[in-house]
Each structure stands twice: as C-alpha cells, then as structure tokens.
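Annotated features in Swiss-Prot:
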type	residues	note
SIGNAL	1-30	signal peptide
BINDING	42, 62, 65, 66	heme binding site
TRANSMEM	290-310	transmembrane segment
C-alpha cells in the first residue's frame, strides 16, 4: 500500500508493527505449549488456506470454523466522492456478561474480529490522510490487508471484545481520473464479524468449544473425569465398547445407563459466540454529477418561481382589462 508517512509517524508505525509481531509470536508459542492448535484462530488461518475470504457461493470462509450464526452490522455512507476518506463501522454485538471456553477449558472473555471486503480500488486510508477526530474513533487498532495484492480486503482481530464491539475502519475511496480500472457507480461491500472461538480447526479437528457427539449407538457404560476432560464409554449392542474422549470445556449431559444413538449429543454446547456476515452498497459519486444535479434542481426551482411570477403578472393584466 502506498502510504506517505512523516519520519516520526514512520518510526511510530515500525514500533507498533514490532510490538504486534512480538506479542503475536509470544501468544502463538504459549498457545501451542498449552494445547495443540490453540493458536488456530482467524484471520491468520483464513489467509493461509484461502486465496479469497469469500467463496463463490457468497459465504465468507470464517463460517467454516465458526459454526454458530450471530448478527453483524455495518454502517457506511450512501455515497462518497473520489479520493475521500470515510469511515466504515462494523458492529459485533454480544452479551458482555458472557464468557467463552478457552483452550485449557477455563472461562474467559470473548475476542472479536472482522473482515471488510471493499470494492476494487478502495483501500485502507493512509495515516496522513486520517483526521485526528477519526484517529480517536479508531483507537489502538491494527489493520492488515488480506494479501499484498488485495488492498481492498482489510482484516482486524482478534481483539478484546468488551472494548471493540464497534470497529471503525478508515477507508480511502479511489479516483477514476487516476485509476482507469475504477468507474463511477454503485458497488457492493461484504462484511464478516466474529465473536468468540471457533468449533472446528481448519484441519477438521474439533475444538473444545462445541458439542461432542456419540461415535456409536448403545448404552452409556461409564462417564469418567480425567485430567484433560472426560472419557465416556459406550457399550454397543454386540457387547463391545467404544470410548469417546471429551476435552475440558464441554460438560457431559448423559449418565450411566442412558441409551444414545450414533451422533447424539454427549455434552452441552459451551459456545457463546458466533459469526455473521452482511452485504451493503456504496456509490462512488462524481463531483460533476453532483454539481449537475444541484444545477438541475436550481433550474427547476427557478422555472417554478418564474411561472409563479408570470402567473401573477397575467392575473394583474386580466384584472386591469376587466376594470377598464
């Protein structure tokens, strides 16, 4: 992305990137030590596994791992002029009193994140184009592009959800006079917003933030608590047994002697988060067209005024003729 920074801003940006990199490496290392694949959180996995975050069907790929559906909202201007900075506000609502299951089975606050898919030509606004007022609204949020050649797709998160249920994206509109691939008109914007951990890792393995089901039909023979969760033993009709291991997090809802069908729930659903996506539209408006519309309405108003004046003039002439 072509950004223009002052020396102080550049040093500040490099320091911020270094801090983010150090924190990310530390979190990834700690998460891997605590539990395998615990660091498999979007948006990093989406970037590594998908060329685009939106499938041909229109589904944003985050929904492949975050199975629960939750609302997501977005606010953008109806129309913008070329080479103009505006804000897109993504809202990710949830009950702040909710706590999610963490990788080790304990409870903690929810994290949030979002993906903003802008039309081609639109991109994250350079720092020197963002007003101080807008910077205050954005806060200390770090944005990244989905890839080096996709400046119009912006990612953010994971972030602490309690402080970021509304995320403000600073966006710069393109100028068709400078970019011949951009045209004035109406465009679509695609938005995805997530709160909480996923239920499935990109590898297909379940996380501990979802329902665990019976691998076979039969009768519950034992429910044993272990250091890592629970072992639930099912005795099948032929007398053989199968053990379903449940990690720390979900709680068993079956008891010894209960009959279960294959695929029936053995645990509750600890997930309190979910993913939602929404589409909206924005118009890249020509300033000449705006001036043309203003001129048209001015001409219409002027014509109406002239008609009223003409009508009054005719009425005066008619009244004078009657008096004569």
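All residue numbers here begin at 1 and follow the chain in the order shown.
Placed from the backbone N, Cα and C atoms, the Cβ positions cover glycine too.
Cβ neighbour count for residue 66 (heme binding site): 27 (other Cβ atoms within 10 Å of its Cβ, all protein chains included). Cβ neighbour count for residue 65 (heme binding site): 22 (other Cβ atoms within 10 Å of its Cβ, all protein chains included). Its own atom aside, the Cβ of residue 62 (heme binding site) has 24 Cβ atoms within 10 angstroms in the protein chains shown.
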